[in-house]
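Database features (Swiss-Prot):
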- 152, 154, 184, 308: divalent metal cation 1 binding site (BINDING)
- 184, 215, 306: divalent metal cation 2 binding site (BINDING)
């Protein structure tokens, strides 16, 4: 609760700052001033509603109120930029007529930049995810292994059965050895999305489909979600490990649940039955789960999602601070690598900026082929 309140206070501070910065440079009539004030009040009210009632509100309100935090951050970034330019113009020794002309130019530029930002953001957000191929070289691997990593599909009120069907069709074209679903598959009460998820039974691969939950599964009821997913043609790796395709494939529950009594991540338990002669792949929703690794764990590759590659720049800079790894393949330490997918779907409004969605196609190759 304290974290939620702190998060809300930060958002309200951003809203207040944006309000003050823009107000000092925008010329508003009386009616416009009330509308301007009302916009920021509604924005803060939406954020408060989301923070305190997100687990019980209807899906359409969840999407609407969650989007308010994105709007606050974007408004703050643009307001700060506009304020900085306008303040500089005021301080430079221009002729009054030139200063006025430059301020008008900046104002028009601000509106055009804002329009272009949202146009590009919605274009990327609504675009269907494309397959992105990445080669990864591993020690102790005998032969090539082809993997599809699906994360952050966020199946719910906006991303429904047609979206899942598209994903399945794209995946099946690659004829891979296994399909891994790295969490945040469900973003709605499971009773409302069961039919949307049924096409996942049509995923084709040599060894099958494997899944770990993300934080959004906990938001919407982890037990009923896992109960339903157990009826589908997939294996849930909840702190468990399987041996197939010449690797140890291990999975853990999400980092979000680390303080829970049940469905909490336990890396030691997940690795208990692995074969040390084979490379070990750990499927964990959040990249920062890697901070829990010890040298003795000897993980070769961690596969994660959660970040959406930041979803909207420059929000991605804050995500990187929180998660360390944002998107793509990284060398963590020693022999441990981590791949973070940008995700196939989106959270909140369909907006992505400089963070396109993806279906990650990972070609695991013996290191001697590098």
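Positions of Cβ are set from backbone N, Cα and C atoms, glycine also.
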Spatial separation of residue 184 (divalent metal cation 1 binding site) from residue 215 (divalent metal cation 2 binding site) - C-alpha basis, Å: 6
Same chain, 6+ residues apart, C-beta under 8 Å of the C-beta of residue 308 (divalent metal cation 1 binding site), given in sequence order: 152, 319, 342, 343, 346, 347, 352, 355, 357
Neighbour tally for residue 152 (divalent metal cation 1 binding site), based on other Cβ positions within 10 Å of its Cβ: 29
Lowest local Cβ density among 154, 306, which the record lists as binding-site residues, within 10 Å: 154
Residue 306 (divalent metal cation 2 binding site) to residue 184 (divalent metal cation 1 binding site) - Cα separation in whole Å: 7
Residues satisfying Cβ distance under 8 Å from residue 184 (divalent metal cation 1 binding site), sequence separation of at least 6: 151, 152, 153, 154, 214, 215, 216, 217, 285, 305, 306, 343, 345, 347
DSSP-derived class (H/G/I helix, E/B strand, else coil) of residue 154 (divalent metal cation 1 binding site): coil
Surrounding CB atoms that lie within 10 Å of the CB of residue 215 (divalent metal cation 2 binding site), all protein chains: 16
Cβ-based neighbourhood (8 Å from the centroid) of the divalent metal cation 1 site, residues 152, 154, 184, 308 excluded: 151, 153, 183, 187, 214, 216, 305, 306, 343, 344, 345, 346, 347
